[in-house]
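Below: one structure, written as structure tokens.
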Amino acid sequence: MTSKVGAVATKTYREKLGPEILEVFDKSYKSFTDVQVLAGTHLLNLSDVVVESPTGSGKTLAFVLPMMRMIQNARLQPNEIGALILSPSRELCSQIVNVIKPFAEKMKLNVETVTGGQKVDKNIKMFKNKDINILVATPGRLFQIIQHEKTMIARAMKGVQLLVIDEADRFNEIQFEDHMREILSCIPKQRRTGLFSATQVKEEDDLMVFGLRNAKQVKVSQERNSAAPSTLKNYFVECPADEKTSVCLEFIRQRTDKKVLIFFPSCNSVRYFHKIFERCLTKRPLFAVHGKCSNPHRAAQIKAFSESTNGVMISTDVMARGIDITDIDWVIQYDLPKHSSWFVHRAGRTARCGRDGNALILIATEQLAYVSFLDNHEKVKLEEVKVPTSTSRKAEELRQKMIKIQVSDRAILELGTRAFVSHIESYAKHDCHLICSLDDLNVVGLANSYALLRLPKMRELAQRKDLNQFDRSDIETSEIKYADPKLEANRDTVMKEKHEKKIETLAAKEKKRREKEARKMKRAGGRFKSRATGANAEEKRAKKRKSEEEDDAQNDIRLLKKIKRGKLSKKEIKDVL
């Protein structure tokens, strides 16, 4: 349904919630949003719901309020779980718990989380020792716990009144389906289920995975049925692939007083560009989070970014959903998201709670069709902007600066290569490959935007004919050292072991060749027959070759002994090899 909720419906909903819940609500919130009234009314009428509502519209309270009332009515035992909320990331779980806590404290209920980043044994111990009334979990971690203690979990969840799937469009990906089936097997079938997302769960079969029955559809839409808030303005900038990094930096520099969130396609990309940007944006607070950060580090970085006035956060999609930082001015997407629906979630980190916000995506020339694709499939219109301060000359100057940064530390050099590889792997899997295929991507330009010194060999690029256009650097990468002395010492050891292994392999091959030739000589009676110059001449040539090869083998063995005794320097080893 698409409507504005009237005063009568809102009043009726308030009456259903009861005084305890309203007391907490009225202290912190001014009024109900449409999605809260519509979804909450259906849930309290004991109907399943599928809710599609824009980011920043109050979806969390849309299930928290009716959930608290349902648990209140159920009169749970102290050790019974009355509600299970599944969310795709630990940050979202943490944020949901923060919304629930004031209501839970008022009603003397205990809310707990189980997410990745914690030990499974610790989670199991919590189930055994604590009375849990509301559980907020990532499906992957809850699945792991069920694998260890299914009977215990099923017993704890026998009183579940409500199952909530937050960011439901993420859960119809293949990796979640097995987890969901196992989780659903542990909770009662006679329960209510709510699916909540900013974008549509597109297939009917997806609803079957979650066990919904005769679900009510709630759709609170903005203009043109867009999933984005009306206060959000979406832009794109067209630029050559090799100027993307320059355009990104110049755009940020023009907005010195703005808080900016930048999305990159992989953990390695975030780590690499954090190293680059901290040397290029020296006057701005810079933060970075990705899926492989530790929980304390991620929490500290998000908190510091939230408290900054003009900070720049570099992130993967861990920041794309549910992270409620209300004053982000600009969201920048360095490249296309893996799924077009994720564009909406990324952009939705700005323009929250009625504030104005802006989102920008960097589009390479060969990716221009994506603008129409977004309009047709996600109902998102993009307006073009220019970044006049970014030029090809500045892009080349930046590339040279990035090369110097890599030369200063081998760790950054290797990180840049891994970041580029993961970027290509991610691009090969996005959902609009028919209009923006990897075959059409300017790979050489993208490599230059990463300032690569060497183009790595990749299976995804094996058939490309244009890679010879890449201008390989004259810098000898093997001479670049780690800034960390421990890493450099370890590299020396590894290189020495490789040299030794190579010489040992050569010696073994030579020994095998000599043995084979000896057997051949024996079978021929000690003489080779020659078609051209006669047996005697051929025999002399064979003996000469054998003598030379034996000398080479002996030299290799002597060299190996010198290396093992440490009598050769690194340069002498390299020159000999």
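Using N, Cα and C of the backbone, Cβ positions are placed for all residues, glycine too.
These figures come from a predicted structure and were not determined experimentally.
As stated in Swiss-Prot, the feature motif 'DEAD box' covers range 166-169 out of the listed 130-133, 166-169, 378-381. When the ranges 7-37, 69-99, 317-347 are checked against Swiss-Prot, the one recorded as motif 'Q motif' is 7-37.
Around S53 (ATP binding site), taking its Cβ as the centre, 25 other Cβ atoms fall within 10 Å, counting all chains. The number of other CB atoms found within 10 A of the CB of T55 (ATP binding site), across every protein chain shown, is 25.
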